Amino acid sequence: MYTVGTIFSAVQYERTQITDPQLEIVDLAYDTRKIRNGSHSLFFALKSVRDGHLFLQDAYQKGVRAFVVSDQKIDSQNFPDANFIWVSDVLEAMQELARFHRLQFRKPIIGITGSNGKTVVKEWLTQLLQEDKRVYQSPKSYNSQLGVALALWNLSDDYDIALIEAGISLPGEMALLQKMIIPEIGIFTNIGAAHASGFSSKKQKLEEKLLLFSESKQVISPSYYGIAALLPPTVSVFSFGSADLDEVKLLRVEDHGRADSTIQVSYRNEIATFTVPFRDKASIENILICLTALLFLGYSLDAIPQKLAKLRPLEMRLQLKTGKNGCSIIDDTYSNDLASLQIALDFLFQQQQHRKKSLILSDMESLDDKLRKKLLQLLQRQDLDHIILVGEGLSYLKQHLTNNVQLFTSTESLLRAMPDISFQDESILIKGGRVFHLEEVSRLLVAKSHETVLEINLNALEHNLQLYRGKLPPDVKLMVMVKAFSYGSGSYEVANLLQYNKVDYLTVAFADEGVELRQHGIQLPIMVLSPDEQAFESLLANRLEPEIYSFRVLHAFIKFLRNRNLQNFPVHIKIDTGMHRLGFMPTEIQELINVLRDSAELLPASVFSHLVASGNAEHDQFTTQQIELFEQCVDSIEQKLGFKLLRHIANTSGIVRWPQAYMDMVRLGIGLYGVDMGNALDLEMVSMLKTTITQVKSLPAGETVGYDRKGLLHRDSRIATVKIGYADGYNRRFGEGVGAMSINGQLVRTMGSICMDMCMLDVTDVKANEGDEVIVFPDLMKAASSIGTIPYELLVNISSRVKRVYFYG
C-alpha cells in the first residue's frame, strides 16, 4: 500500500494535480466494470480497443480519486478532489510503478518463459513448493505487458518466493517485461511454433525470449534447446537432458500404456526412479523442468518422487457449467490465492442470468495476519448473498461478514451437509485449493449429462471480438450474431460476455432466443430476424426489435401496434440488394417510404442489407454494386423521412475486406467463434468438441464393424468405441473412414457406420485406452470439407444434449 504522493514520485510524468498526497492506494484499476474499492484505487486510462479516458467519469462515480492519464485535454475541474498525473504513455507508467513495487521485494523471484508450458510449470511448481514455502504466483495467464504489471502489484514480503510468468508475441516486448520482473532465477520451458508469426525466424524468437534472463544469475532449462550459447556470460544454465554435462541426467522414460509413466534420473551420482500420472511428451518435459527446479532450490533427490506423484492435470481456466435447480456453477477448484480469487469474483459478477450470487471458498495456504486482513476486505467489497467457508482457518471471517455465512471445518463436513443446503436459481462460485478437493462439491451441484462435451473458450471468443473490433473506427457500432445457440456455443453464456464487453447490438434468429436472453439478464438491444406474427407479443413483452422484410410483415406489425395504441416501436428494415432471400426490393422502396411515413407506430432503428460474397474476390464487382445500391436506397428513405438512419451491410468478411462498407454499424458472425473463411486473421478457435473411449477391442482381419457390416477389417485391428453419434450432431456422412478424430495427438479414422449414440474408430496404429479423451473435430475446416459442407453446419448441429462447459481465465 502506497500513498498517492509516493506513487506519483515513482513514475515519470509531465504534470500533476495532487489534492490529497496521503490518499492510500490498494488496487490498480483499468476497467471500470471491475472496480470494487474505488476510494483506494488508482485508475489508469489505458488506450487499447477502447480509450480509457472515455470512462473517467464512470470511475469517478465509483469513488476513484486518483487517475493516470495521457490526454492533456482532460479538465480536472470536472473531477473535484481528484488527484491527476499526466504521462506520455499510461501503460508505461503502470509498468514503471510495477517495477518500483517489485524492487521492494527482497525474496527470490523466478521468471518463467517459453513457447509452451509456462503456466503449467508455474502452477505445478507452486503445488510442489507450497508445502514448505509461502509462494506467490502470477495469477492464471497474466503474462502480457499489462498482465505482468498487475501481477507484480500484488507482491508482498508475506511470501518467501515468487513465480512470475512472461509471454510475448512481438520483438521488443520481453525487454519491457524484464525491466519489471528482474528475475534472479529463470526457467525456460521450450521453444516451439507458438507466437512465431511476429518474428522473422525461430532464432530471433528464442533470442527475444531469453532477454528475460539478461540480469539473472541462473536459468533452469532443458539442455537440448541450446540456450547457454545465447545467454550473457554472467548467466549460467542449470540443465537437464541426456548429456553427461547436464546437472540432471535423464536415464529413461517408460510409458506403461495406461495413465502413467516411469522416469529415471541421476543427480550428483544418485539415481532416482519415480512414477508420474502422465504419459504425454509435453507433461513429461514440464515435470522434468519442475524436478530440476526443485533440485536447484536445494531439495534432496529422494524427497522429490513423493512430491511429483501428487501432481494432477490442471484445469487451467475456471469453468462455467450448468447446475441443478436452475443454477450456474463456476468451478475454479484447482488453486486458491487472493489474486485468482479476485479474478474469479469478477467473472461471477459478470453473470447476469441470476440475481443471487453465492461463494463456496476454502482456506488458503500460508495466510498470515496481513493476508487474512486483505481477504476479509476483498469479501466485504462483494455483494454476495451466501458464503460457505471451508477450513477452520477462515473462522475469523464469519465474525466480520454480514452476509449469510456458513462455516465448515472440512470438505467432508460440507459434503455431509450438502443435502440440507438449498441452492436455487443462483450463480455459485466454487473456489478452493487442490488439497480441499472442492471438485467433489462441484460434482454434487452440476447437472448430470452425457459424457461428450463441447468446451467453449470464452478467452478465445473475447480475443476474436477484440481482433475484429480493432479494425473498426471508434464511431462504428458492432452488432454480434448470437443466433442458432451462438453457432452452437451457447446462448446467455456467450451473450453475457458480449454485454460485458459492451457490444452495441445482438441478433437472434427467433423471438424465443431473444426471450431466453432477456430472462437471463441480457439488457442489450436485440434484433430478431424474420419474426412471424405469432411472435409479436413476445417481441413487445421483451423489448425485442424485429426485422421487417416484407409488406405482409410490415402491415401485420403496424396493425398489431395500432391495436395497442403504441408508437415509435423500433424496427429494422431489410433491403434485398442481391441475396434474394428476404428483404424489400429496390423497386419497392417508394411504396415502403409511403407506409413508413404514414405509420407513427414504427420507428426504423436501422436499415440493412446482406452482402452475398464479401469474402470472395471473384465477386468483388458484385459486392461493390450491392454497396452502391444499398446507399442509394437508404439515401432515398432518409430524404423522404427527413431523418438519418443507422446503416449496416458489412458482415464478418466485410469487416476484413470492405472498410468502405462499415457505414454506421457492422455485423459480426461466424468469425467471432474462430472460423476464418480465408481472411488469414489470427483467430482462436472457440469450440472444442470432445468425447471419450468407452471400450477397445482387438479383432482379426475379416471381421466387420457396425451396422450393415459396413466396416470390413483388412488386417488385425484395434477398434475403439467412442461416446458420440448422430443424435449428438456427428453427421452420418462421417462414417466409413470419412471422419477423422484425434487421440493423444494422433489422427484416427472412423470405422463402419455412425450409430445414434456412438461410433467406432480404428486405433490400430496409435496408443489408445478406455477413458482416453478424443477430440472430435481436430480441424473443423477439413472436417466440413470432407462431407461437402461448411463449418457453420457442423457447429450449429451439435445437439443440445451435449453439455457445454465454458472456460475463462
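Cβ atoms are placed via backbone N, Cα and C, with glycine included.
TrEMBL entries are annotated by machine, without manual review.
The active site, proton acceptor feature in TrEMBL is assigned to K483 (among others). The Cβ neighbour count for K483 (active site, proton acceptor), using a 10 Å radius and every protein chain shown, is 20. DSSP assigns K483 (active site, proton acceptor) to a helix in the three-state reduction.
Within the same chain, residues at least 6 positions away in sequence whose Cβ sits under 8 Å from that of Y707 (active site, proton acceptor) are G752, S753, C755. Under the heading active site, proton acceptor, TrEMBL lists Y707 (among others).
Under the DSSP three-state reduction, M756 (substrate binding site) is assigned to coil, being neither helix nor strand. Annotation comment: TrEMBL describes R581, M756 as substrate binding site.
Sequence annotations record features per position, and here TrEMBL assigns domain 'Alanine racemase C-terminal' to 686-807. When averaged over the domain 'Alanine racemase C-terminal' (686-807), pLDDT in the model lands at 93.
Here TrEMBL flags K483 as N6-(pyridoxal phosphate)lysine.
The secondary structure of Y707 (active site, proton acceptor), as reduced to three states from DSSP, is helical. All protein chains considered, the CB of R581 (substrate binding site) has 11 other CB atoms within 10 Å. Counting every protein chain shown, the number of other Cβ atoms lying within 10 Å of the Cβ of M756 (substrate binding site) is 10. DSSP labels the residues of the domain 'Alanine racemase C-terminal' (686-807) in these numbers: 22 helix, 44 strand, 56 coil.
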